[in-house]
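Scroll down for the structure; my scribbles are underneath it.
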Amino acid sequence: MCKDCFFWAFEEEIHYTITSANLFTPGETVAIGASGGKDSTVLAHTMKILNERYNYGLNLILLSVDEGITGYRDDSLETVKRNQQQYELPLTIVSYEELYGWTMDAIVKQIGLKNNCTFCGVFRRQALDRGAMKVGANKIVTGHNADDIAETVIMNVLRGDIARLKRCTAITTGAEGCLPRCKPFKYTYEKEIVMYAYFKKLDYFSTECIYSPNAYRGFARTYIKDLEKIRPSSIIDIIHSGECLSVKTEVKMPTQTVCQRCNFVSSNDICKACVMLEGLNKGRPR
């Protein structure tokens, strides 16, 4: 397959995923989660192309989260700002410091490297929601690809967290009161995204987060790469397995409510972000 045919096939695959799942409605404002990495850069590029080619009628916005990681996020945000100019899309940046009074640098200094990815994940998910609501978005799209989803399935199985399997494999997620999150790259392999970004000569940031070398996800990624060598269809097989495993209907699941402290959507009286902030603030020097 030549480069032009690969580009067309890649874009058409994403278009098919979007239309077959009815991800969008004309007139919607869609916030693209933009980190400056390959996945979000390719997502912004293809969303702009397909929105114009097939007249989706969407108002696209770039939305970035500044976690406050010196030497990593500050550099990647410069890439996002260039992407804003390249794709002529408005950009909004929300920061941990602005929302929570903490940067990831300060959190790591306080707690060390053991659970830092857990803090970052909880804060980042909520920050994206808050940022999207701030700009009046109807939906959020993220660059999670097939490899990412398969890794999450493995992680949830190993943790025994079966309740999250349905959510992590769904192409659209979002509990009542939360903005829907869509994953147009659900069936797109990471290597396809890398090839597309490389041959299109897209401007993206490729440095790994300085705090993530020992992240749990890294072990799941290595495991799946080893599986792929034996069975090339492993990634899609794992995703399909996650879709087939679900919690019995008679099992009572948590209902959505509002956090008593921050008034944001939560499945508990106090949301996970506020619980974590309480622990951080108690340990913070006065």
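Cβ atoms here come from the backbone N, Cα and C positions, even for glycine.
Automated prediction, rather than curation, is the source of TrEMBL annotations.
Annotated features, as they stand in TrEMBL:
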BINDING   Gly33, Ala34, Ser35, Asp39, Val65, Gly143, Asp148  ATP binding site
DOMAIN    30-212  domain 'tRNA(Ile)-lysidine/2-thiocytidine synthase N-terminal'
DOMAIN    259-286  domain 'Cytoplasmic tRNA 2-thiolation protein 1 C-terminal'
Take the domain 'Cytoplasmic tRNA 2-thiolation protein 1 C-terminal' (259-286) and find every residue of the same chain, 6 or more past its ends, with a Cβ under 8 Å from one of its Cβ atoms.
100-102, 107, 110-111, 119, 122-123, 126, 129-130, 175-178
Around the Cβ of Ser35 (ATP binding site), how many other Cβ atoms lie within 10 Å? Please give the count over every shown protein chain.
23
Where does Ala34 (ATP binding site) sit in the DSSP three-state scheme?
coil
Would you mind giving the whole-number mean pLDDT across the domain 'Cytoplasmic tRNA 2-thiolation protein 1 C-terminal' (259-286)?
83
Among Ala34, Val65, the most crowded of the binding-site residues [Cβ within 10 Å]:
Ala34
Gly143 (ATP binding site) - helix vs strand vs coil (DSSP):
coil
Other CB atoms, at most 10 A from the CB of Gly143 (ATP binding site):
23
Measure between the Cα atoms of every pair in Gly33, Ala34, Ser35, Asp39, Val65, Gly143, Asp148, the residues the record assigns to ATP, and report the largest value in Å, rounded to a whole number.
19
